Each structure stands twice: as structure tokens, then as C-alpha cells.
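Sequence annotations record features per position, and here TrEMBL assigns domain 'Acyltransferase 3' to 6-203. The annotation transmembrane segment is assigned in TrEMBL to 6-23, 30-50, 73-95, 107-125, 145-166, 187-208, 220-242.
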């Protein structure tokens, strides 16, 4: 799973400079990027539309083997075409953070508050919509499911991208203060390790279940807390054994004190 994810990230980063050049075309460039994001959304459901490659875990009741479940889980989470749209959205947010941090200077506090409300509603819409597609309920509308699947991740990317942009440009208010709180900062050094390990942890837990499992809100929350704690501990070990020694080795090689 990590190899598939990092392979997708590597492939997308190869084209990142070309995508950034499109932004220099201003309105035309942003229009082209929006079109590419739409193409990416469509490509994400092509296997489902034309090859009947079912989507894990929403269509798990129609899958015949654990191998099919694993293949579906890895493909729809980590393959390149599944990440095109969110990569483009993230690239645009990164460009705004780096090159246009003052883009909202003319927008007052009320305007920024409206943007906060608007962008935070988008992930909630995606979550509430996704709650209607559960394998245990059965018989959900397939067209509605596919529309949600191709658009839901974009809604999440817009919402989380706004949080990063707002906090990076001193418009984060309470959230920015929370992440600047001294006891929270050490976790930032573990962020990359947490990202590396959390996919394996989640996938192992989900695919190791042998009995019928009903996904309730409390169960999801409990599983998320357990996964996060394990991911933090794993990331801490990676930091001690790999990241920290390599960091100091690079400093020695570069002649830095």
C-alpha cells in the first residue's frame, strides 16, 4: 500500500512544474487546471463504470474474496488516477500560500468568516452524503454513489486546503492558536512518519476482520483513536531509528554544526 501511494505521489510530482506553469496563464491556466481536475474525477470511476471493479468498503457485500477486497482498497485509495483531482487542488492551494498570501487582504473579517463557514461545510456535505452509502443498508442508488465518489474527495480537499491556507496566512484564529500550542508542536515532527504508517495500520485492521462488522459512529471513532495512537508510536520509532540519524548524517555531510 505505501509503495502504491508513493508511486502515485512521485508520478504526479513529475508533472507539477508543468501544472505550475499553467497558473502563470492566469484565468486561462486556472480554467485548464479546473478541467484537468474534472478529468481526474472522471478517471477515478472509470474502473467502476467500464470494468465493474467494485469499490471497497462500500460494495464489500458484492465482493467474493479477501484478495478482491485488498486489491480494491489499494487501488481506490492509492493509485495515480485516484489522486489527480486532489493533487491539483492541493497544488493550487500551495501556490496561493507561497505566491499569493495577501490575496484576501481586501476581504474583511466578516468575509473571511464567511469563507471559513463555506469551506468547512464542504467536508460536512461529503461526510453526510457518504453516510447514506453503507453496505449493510444495501440497495443504494448507484448513480448517486458514483457522483459522490468522484466529487467527495474534492470537497474534502477544498475544506482542508482552506484550513492550511488560512493558518499559513494568519487567518486561522482558534485553529492556528491550537496548533501553535507548545505541547502540540512535537507531533509535527512525526507528521511524515504518521503519514507513512497510518495507511498500513488502517488497512491491516479493516482487512483482518473475519466477522460481520457494523460501522457505527462510536466504533469508527474508537477505531480512529486506536489507529492514531499506534501510528504515533510507529512514527516515533521511525523517527528514532531512521529520520533523526539521517537528519544528523546529512548535517555532518553538509558541514553544518
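Cβ coordinates are placed from backbone N, Cα and C, and glycine is handled just like the others.
What TrEMBL says about a protein is an automatic prediction, not a curated fact.
Within the same chain, the transmembrane segment (187-208) stays apart from the transmembrane segment (107-125): fewer than three Cβ pairs sit under 8 Å, each pair at least 6 residues apart. At the 8 Å Cβ cutoff, the transmembrane segment (145-166) and the transmembrane segment (6-23) share fewer than 3 close pairs (sequence separation 6 or more) and do not count as touching. Beyond its flanks by at least six residues, the transmembrane segment (73-95) meets 1, 4-5, 7-9, 11-12, 16, 19-20, 23, 30, 33, 36-41, 43-44, 46-47, 53, 55-57, 150, 153-154, 156-158, 161-162, 164-165, 199, 203, 206-207 of its own chain at Cβ-Cβ distances under 8 Å.
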